[in-house]
């Protein structure tokens, strides 16, 4: 994935911490728009000048806003972020954002490390800003130990497993639900990332099957065009019922993964209408961090 966006190499922006909210950090809309069609599911954060990599999940909502989610709280704690922290991000055009951290003194922070591969950074570099984190977001899901990092463990969850960045973006995606996903019944929708829909051949499909908690929902696909004139597929008719049955709400995050035929239970391969069944395994993390059982 290192050279997927060579034109964006060196893209810089800053963020100022104005709230003690650590579940997610919004990225600039201009940066999100520049990634349209190649939306990453995960990025690595590294302190500018070197240091360990921190895997952070990336979520795009229905309005095109981009957020750093799972993993962000750990990065914030390790770097002593607090109200007034000023962060400068530099994108390498691939999968890494280097981050320069400035405190309320307006001076850049320097961090001492015990080892390059340790899980925590030395506290000697902390102390300028207000207390960073009273507690990290709770939740039963945790990142898999693989450096690939896109899977989640939920007591033996099927979302576990290591894949490289290219395979991940073509076989799974995640979306934080917004108000637009809960509009009028016949107008509810959820956009599918372009790279995922192309890899899965959604232009030639009319529906998908969503599986969750041992149940299945048939959802029809709607084809359209996004602002950059690229094809856009949305989960449309049947999405409303899936949301209602699983009591989904704004702020919940849905994790979708292609369930291949050899991972399914003994069932027919087709739906009786000549179209091969296409199944997406779904897991939901509530806004409070807990997973739907």
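Every residue, even glycine, has its Cβ placed from backbone N, Cα and C.
Between the stretches 112-167, 168-223, TrEMBL puts its region 'Disordered' entry on 112-167. Residue counts for the domain 'TF-B3' (10-105) under DSSP, helix first, then strand, then coil, are 13 helix, 37 strand, 46 coil.
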